[in-house]
Amino acid sequence: MASLLARRSFSALRARHLAFSGQGLQGSHLCGLQSRAISYGSNKDDEEAEQLAKEISKDWSTVFERSMNTLFLTEMVRGLSLTLKYFFDPKVTINYPFEKGPLSPRFRGEHALRRYPTGEERCIACKLCEAVCPAQAITIEAEEREDGSRRTTRYDIDMTKCIYCGFCQEACPVDAIVEGPNFEFATETHEELLYDKEKLLENGDRWETEIAENLRSESLYR
């Protein structure tokens, strides 16, 4: 009986000792965590303070720079210097429409039907231009004359369909249909861009000098 009581008392003392030692370890662990948290918080506060100081210095430098620009009108002076630079540079533009730049002899502009120097129409109504036109903008009707030659009774071009490819001019065996040098033929209505034979012949008579010169200069390459 005495041995049993001794064992129980020893077990109780051992358990109490373990309990006290566990509380001590737990307390030391908590103290370590608290110290780490305090050190982490202090480091974070230091970083935020340093970042705030940098932003404040940057803001002050920006304010100072803007104040100096406003005081000395640096932006205005910079803009005026650019204006003066281009003011004294040589002109690279022309005063259109009072001045017009050069056109290439191969320029493809408004269509025209040409005549021979005798006044006879060049077109022989072969309809090659009508056949080769990719936009199907040309409509031709013809009949045979008393002398056996064929001439057109109708020659229409829908300028709203034309893509100015120049195939009609290349296909013509007698240089009757050409694309002249005129590029100023804007209209207000659609009907004005539906050219008939009379309109095309009128264009040819008007631009014959320029057209003949362009064809002559390009004759070696055709």
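Glycine is no exception: its Cβ is also placed from the backbone N, Cα and C atoms.
Going through C126, C133 against Swiss-Prot, the one listed in the [4Fe-4S] cluster 2 site together with C162, C165, C168 turns out to be C133.
Residues 149-159, 161-163, 165, 167-178, 201, 204-205, 208, 211 of the same chain, all 6+ positions outside the domain '4Fe-4S ferredoxin-type 1' (114-143), place their C-beta atoms under 8 angstroms from a C-beta of that stretch.
A coil conformation is recorded for C172 ([4Fe-4S] cluster 1 binding site) in the three-state DSSP classification, outside any helix or strand. C133 ([4Fe-4S] cluster 2 binding site) carries neither a helix nor a strand DSSP state and counts as coil. Under 8 Å from some Cβ of the domain '4Fe-4S ferredoxin-type 2' (153-182) lie the Cβ atoms of residues 103, 107-114, 121-124, 126, 128-129, 131-143, 190, 193-197, 200, 203-204, 206-207, 210-211, 214-215, 222, all in the same chain and six or more residues away from its ends. Here the binding-site residues are C126, C129, C165, and the one with the most other Cβ atoms within 10 Å of its Cβ is C129.
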